[in-house]
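**Student:** Sharing a structure with you now.
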């Protein structure tokens with residue numbers, strides 16, 4: 001604090017950063033590996049608050065802290081609207097950043113011609129105009145045309161929205177007012193879990209969602225006496241067994257010990273890990289013996305995918321609400337619940353995974369992109385003093401003479417009613433505390449503002465300015481020189497990736513059947 005009072009402190013820091021910027025050169029190379037970190041619901045206000053919280057956890061005042069993702073040299077903003085919504089959901093945005101085209105809300109991996117709730121409109125609209133960017137197309141391009149390894153890691157359920165946009169084309173809602181699953185099946189539509197196993201060849205799948213993969217009544221290995229955690233598939237299929245049969249030498253695990261052992265086994269090139277019947281637990285309350293952390297799952301995925309000398313594509317998403325995937329922690333779930341402490345804890349854990357990925361990969365070969373699908377109506381203000389806890393109170397009371405927290409929500413379950421209660425510091429610091437919201441809704445809503453894109457590695461300099469969210473998929477495809485950008489200018493500037501691996505980190509739970 002004393003040093004900050006001197007103009008020289010700020011001049012010296014700005015000069016140092018200016019020199020770094022002047023020395024920055026575009027890495028016009030072909031990307032051997034691509035890692036996409038998707039922080040579900042990680043808007044700009046969430047990133048700023050997470051930065052402060054991370055610094056305070058380390059013993060600092062927090063404001064001057066730096067997230068690992070914030071050290072990336074290139075950034076842009078992405079517009080998140082969908083074809084039919086000003087404020088988006090996770091399905092339409094997932095289609096944008098993974099498939100390269102805008103779509104309607106509640107539809108995954110489909111063009112705008114598909115109609116939510118009408119299964120037949122899936123057919124003929126699942127092959128998007130950019131056929132080999134990042135959804136089923138890019139996974140197929142990376143794994144097939146390029147021979148790369150592929151992986152997905154989701155901190156929610158592996159069949160949720162974000163990740164599912166890269167593997168599935170669902171239109172059928174889970175609500176009882178929509179066409180029933182039997183109607184959808186009669187029309188030839190498949191649920192997301194089924195498509196995850198059959199639509200594309202993925203080397204590593206990690207997340208939650210065991211019950212969506214096994215027949216009705218199948219006991220859960222972790223909760224065998226709890227019938228609510230049993231399998232729920234009505235078609236009698238065991239998708240885990242089907243996946244294992246399809247991949248010789250593949251390994252299935254359901255706990256942390258088995259996952260670490262599989263990652264250490266050099267003979268393992270295919271791994272599916274489902275660590276909860278549904279969504280995975282929040283980081284602070286997970287069973288550390290049975291449930292791996294986000295960082296541990298990410299490290300296991302990179303360890304296995306790196307065995308492919310041709311490179312890999314890894315998608316890591318943080319979980320979302322109402323059946324949307326995540327690997328950056330359950331950021332989105334926390335916000336929907338109006339529980340800021342939960343959301344920010346997950347955001348910090350997400351950043352730890354990003355930092356660890358940087359230590360495990362070579363920046364000259366690996367394009368790493370960090371972004372969000374959408375924001376939330378989450379804010380912090382109140383002229384709090386420097387070093388105040390991010391969860392603390394504003395220094396002055398409101399017009400009603402009562403305290404309020406710096407963190408507030410525009411809407412959500414924290415609505416206090418007409419007689420707003422006073423807030424004391426101890427209550428505000430509790431992990432389960434719900435900051436007050438202006439409008440009462442059961443589930444806090446998404447926000448409509450732009451989200452950040454941060455990038456480093458080959459062709460990362462292409463991320464600049466304010467872009468449509470679809471731009472993310474196109475840059476990744478161009479960096480890897482896959483269709484429709486096989487004539488990329490940097491084609492001969494990096495090692496060939498004519499064969500690589502694919503992984504998906506989806507730590508939550510498999511999307512409900514027919515979501």
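Glycine too: its Cβ is placed from the backbone N, Cα and C atoms.
The active site, phosphoserine intermediate feature in TrEMBL is assigned to 90. TrEMBL lists 40, 332, 336, 373, 374, 446 with the feature Zn(2+) binding site. The Mg(2+) binding site annotation in TrEMBL covers 40, 317.
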**Student:** Distance check, please: Cα of residue 90 (active site, phosphoserine intermediate) against Cα of residue 373 (Zn(2+) binding site), rounded to an integer number of angstrom.
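**Tutor:** Distance (Cα to Cα, whole Å): 6 Å.
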**Student:** Given residue 317 (Mg(2+) binding site) and residue 373 (Zn(2+) binding site), what distance in Å do their CA atoms have, once rounded to a whole number?
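**Tutor:** Distance (Cα to Cα, whole Å): 10 Å.
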**Student:** Can you check which residue among the binding-site residues 336, 374, 446 has the largest number of Cβ atoms within 10 Å of its own?
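**Tutor:** By the 10 Å Cβ neighbour count, 374 comes out on top.
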**Student:** Indicate the candidate from 317, 373 with the smallest number of other Cβ atoms within 10 Å of its Cβ, considering only these binding-site residues.
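**Tutor:** Counting other Cβ atoms within 10 Å of each of the binding-site residues 317, 373, the minimum falls on 373.
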